[in-house]
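What TrEMBL records for this protein:
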- B:54-75: transmembrane segment (TRANSMEM)
- B:95-116: transmembrane segment (TRANSMEM)
- B:137-163: transmembrane segment (TRANSMEM)
- B:178-201: transmembrane segment (TRANSMEM)
- B:208-231: transmembrane segment (TRANSMEM)
- B:278-296: transmembrane segment (TRANSMEM)
């Protein structure tokens, strides 16, 4: 299913560009801010404010931006400048091309979003109430869902970078805060729900059940890759 | 071929020369301003490019019309529910703050039209074949984008204000808040225009410029909002005030609330004192003049072949 050379190429094109700094900068900002929050908090309920910070900043901003940057670098820009045909002409299943790329993106999301969230959780709350572990799991779940959605959008839309961006800003950030049923179909709500279920701190009620969030993210990932693979398989190289 | 003696003419192949009145630099600048303003709204461009600006302008009218409707209903309400509604309804600068996503998308979609395409396709040298300085070109383009942004935000505000005037609410307070908000919107339009113009002149690729402007504005906005939320929870006022410096919307909102004694648009935004208000004025100047300086420098460099 996965293809070694594609994975290697993906890693190289991800880390060989200036954009990697945007991916590095955000987790660094998050860690700095978590240190500031820790330093300025006047005792009180550390775990609960840490949990809220990780949900708003970690799942709300860091996870989607890292997933967006990685997806656009690996998938969108290759479609937009046409260099994807050099991969498509190789005797590799097109589904496995897109699956390998999506796995690299997911790995980048875990390294640059979920792991820093674990660190930020440790900085702010220490080991109390499993906040740090919850942050890692929530970050990973919502990264999984975002990667699936962005991959599907990247291969089916024209001007796909702006499409992905507007999906994040309109659907995940604006509409989901206005209309509550959207939580059943929102990568952000799933990540938040995982954090709220695993961490024993904070007073918010999780929006969706834990199993639903995890299964939903897995389904979003698989369906996104399947859609993208379908789209790629039906692509013809020749000009009409 | 009759060439007057004493005039150096290399070729005279008999065409009639232009003998009309030649217009000065001012007319060139004015016509550049008008064309740019038309292009901001897709006038004189393809049908596809009219969709985005008019769609956003229409969507921005929706909240203003709803609020105007609420104000008209106020006359029929009991005094207590009037008091509940009165606070948010009288705060006009909350409107650009809460619709910042739409305003950002408008700026991000239109700034590359004015600043990226000419640099990308090197048509900018054609503009400079006219007696128009580099700085005047940039300033006219900026003025057009600022006017477009101001119109898109200020027209819904004015409709809202007109609705307020026709009801029995406190007119003097509404007038004061409306004028404060209009000043704030003008400042915000200048800052957004220079910043998004600077980003598009640096990236020059239209699609990339749109993405870069949206990411730069919405990312900082998200960061500032979450930092202010954390600072509000831990009662740390200085952190919240400092965070507001890093996004145009929050810095202008803080300045308006400090300079005109307005409530801040969001509860987690601290109300600044006099010192902080001066600091915000300096920060706004840095945002606007810094971006404008970089933009002019970039345009000069691109135009010097």
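The chain as shown is numbered from 1 upward.
Each residue, glycine too, has its Cβ placed from N, Cα and C.
Automatic prediction, not curation, is the source of TrEMBL annotations.
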Discussion item. What residues elsewhere in the chain lie close to the transmembrane segment (B:54-75), defined as a C-beta under 8 angstroms and at least 6 residues from its ends?
Written reply: 41-42, 82, 85, 89, 95, 98-99, 102-103, 105-106, 109, 152-153, 155-157, 159-160, 162-164, 166-169
Practice prompt. Could you give the residue numbers and ranges of same-chain residues that sit at least 6 residues beyond the transmembrane segment (B:95-116) on either side and whose C-beta is under 8 angstroms from one of its C-beta atoms?
Written response: 36, 39-40, 45, 49, 52-53, 56-57, 59-60, 63-64, 67, 141, 144-145, 148-149, 152-153, 156-157, 160, 181, 184-185, 188, 192-193, 196-197, 199-201, 203-206, 209-211, 213-214, 217-218, 221, 249-250, 253, 265-266, 295
Fill in: Residue numbers, six or more beyond the limits of the transmembrane segment (B:278-296), whose CB comes under 8 Å of its CB atoms
115, 134-135, 138, 142, 187, 190-191, 194-195, 197-198, 201-202, 244-245, 248, 251-252, 254-255, 258-259, 272
